[in-house]
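For 295-304, the entry in TrEMBL reads compositional bias 'Basic and acidic residues'. Per TrEMBL, disulfide bond is recorded for C459-C469, C484-C493. Feature annotation from TrEMBL assigns domain 'EGF-like' to 455-494. Annotation comment: TrEMBL describes 285-304 as region 'Disordered'. Under the heading transmembrane segment, TrEMBL lists 507-523, 592-609, 615-634, 654-673.
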Amino acid sequence: SEVGLVSEHFSQAPQKLSFYSWYGSARLFRFRVPPDTVLLRWLLQVSREGGTACTDAEITVHFRSGAPPVINPLGTSFPDDTSVQPSFQVRVPLSAALLSNASVNVSHPAPGDWFVAAHLPPSSQKIELKGLAPTCAYVFQPDLLVTRVVEISIMEPDVPLPHTLLSHPSYLKVFVPDYTRELLLELRDCVSSGSLGCPVRLTVGPVTLPSNFQKVLTCTSAPWPCRLLLPSPPWDRWLQVTAESLVGPLGTVTFSAVAALTACRPQSVTIRPLLQSSQNQSFNASTGLPSLSPDHQDLGRSGRVDRSPFCLTNYPVMREDTDVVSVHFQLLDRVSVRVCQNTPSMMRLRLNTGMDSGGSLTISLRANKTEMRNETVIVACVNAASPFLGFNSSLNCTTAFFQGYPLSLSAWSRRANLIIPYPETDNWYLSLQLMCPENAEECEQAVVHVETTLYLVPCLNDCGPYGQCLLLRRHSYLYAGCSCKAGWRGWSCTDNSTAQTVAQQRAAALLLTLSNLMFLAPITVSVQRFFLVEASVYAYTMFFSTFYHACDQPGEAVLCILNYDTLQYCDFLGSGAAIWVTILCMARLKAVLKYVLFLLGTLVIAMSLQLDRRGIWNMLGPCLFAFVIMASMWTYRCGHRRQCYPTSWQRWTFYLLPGISMASVGVAIYTSMMTSDNYYYTHSIWHVLLAGSAALLLPPPDEHTEPWTCSQKFPCHYQICKNDREELYTVT
């Protein structure tokens, strides 16, 4: 290994991957890249756990520095005014082998947080029952190998740094303070032992994904001296410079590196001291004599000060944390920003806590209507790390290592909005300036006040009426995502390409609720045949299934008489108990044994639902046990009577065979045919078939039973007598 380099290894616990349906399906990993890192290497390992029924899969892995990657595997649309960069991703196939590996190298990475998100392909719409589908687990684990430099030369502003370059690269860095307008890197007095000229390649700045604005300067054929000018370099951080020799392994190159900083002279908007103002008094800004803080004066001594009056007007901003991943930025002592032609107006938004990158940054600008003329335009740029200040020369909002987001206001469009999902962890800057494209003289005296609304929210508009904003967690890191419903999709549930109309939502609600009225058939048959316990179970199932599906609707047609979890539990319990009592009733057990099994089976179903509500064995296990009891009793009667049981061919033809057919079709639909798209009518058919089969399969009543006649005597010859005179009950 090269001298001056050390290696470090970081790893995180593996996570089980999921098929993608929304952002919560992706598994997020967060790593911290230390400063002075020159190379990081991701080792991606994917393993498959399951039987031969598991299918081949292709895992998609996304990378991003500073914030979680913004991904869109479903190809849905983003909300209006949202700016999204395509994520950097790699695909890892997993076929016959149970283990697959891949690696990704990043040279000169940006220090700080790096995020890795992995997921399987988009999920199918089929509703799989837990316990029936093959259990295939795809486990993903990333490891991070870091190579960090410990021998690094520090460049002081305007001080030549002599350097001798050998076969291996050399690393330098320069500190860029706040309010730096330009950074000029220059190579002087270059002498090479192996060739003419200056065979040196400079790599300046870090690599950030998905976009990369790293600068590479080759001085072999460049005009002498070799220079690189960086407008608006990132403030308040070290800038890494890598020098490599191009003369071969045996040659040497000597040169002097110089870093020249051009300081920006800011005009600070003074604020009335807070201690001298009462809490109920609004603060009024004073824009009198421009003032320069001591820090700004020190910066001016360390570099060349721009002799223009001021390069920007700084408006102080207060950060108010309102909730998790929720921040409100507001101007101190004022409600609007004064924008003019001479200097840009700048606001700093501090999103550098490390916990702000999991939401959405929303910026809204509104210009004063009376101050906007037809020929004036307000141009705004939103940038991270450093503000864009070159409005007079360019309007592309590009700083040294960041492509900003442009906004514009005019007399015809006095409002502008910008949404940045998952903003990078950094200081963000909003800079504005007044422009007159056709006639610059018209803007000399013009002043426009712009109101700003600056928020960081977990989810835009709280995911709207057809979505739910959910906070997700990876260790101590929190981020937000929208879970959509009623066919709506997208980052903020604004894509209505597959959305259900209100009429479709109401039709679905009516299908799922009114189909439960089919349980009136087994209730009526049970009452007529004196199976009162069975009738009460069917009534319980009909009631809670109706109101559970009325509460389970994703759209506007929703009615919840109890909380959702209670209704769901009661619906699942009623369905299992209805099948349980129907099969046991068909077994024609003795009354005491039958009712004991009714109660015990219902208690076992209730327990299993508490353990795993969606497990298939909650319903399948008790039903199979009841079927074994019924088959045993029928077999015993067949042998005892020496004829088939039930004995009547009419019962087999008109009741048992149709009932068994309906139950079989219902089970087939319930286990293998339901999808998210056809759930409304397939589940409604399941209701009809389940209730219809119960009405057909119930046995006829006992021949000698008279349940509606009340016996006047109790067992053991006790009799209740009424003493009319004393109005007391005695036992004789």
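From the backbone N, Cα and C atoms, a Cβ is placed for every residue, glycine too.
TrEMBL does not curate its annotations; it predicts them automatically.
Predicted, not measured: the structure shown is a model, and the values here were computed from it.
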Among C459, C484, C493, the most crowded of the disulfide-bonded residues [Cβ within 10 Å]: C493
DSSP-derived helix, strand and coil totals, residue by residue, for the domain 'EGF-like' (455-494): 4 helix, 20 strand, 16 coil
Alpha-carbon spacing, C493 (disulfide bond) to C459 (disulfide bond), which is rounded to whole Å: 10
Whole-number Å value for how far C484 (disulfide bond) lies from C469 (disulfide bond) (Cα to Cα): 9
Around the Cβ of C469 (disulfide bond), the count of other Cβ atoms that are within 10 Å: 19
C-alpha spacing of C484 (disulfide bond) relative to C459 (disulfide bond), in angstrom: 12
Reported mean pLDDT - the domain 'EGF-like' (455-494): 91
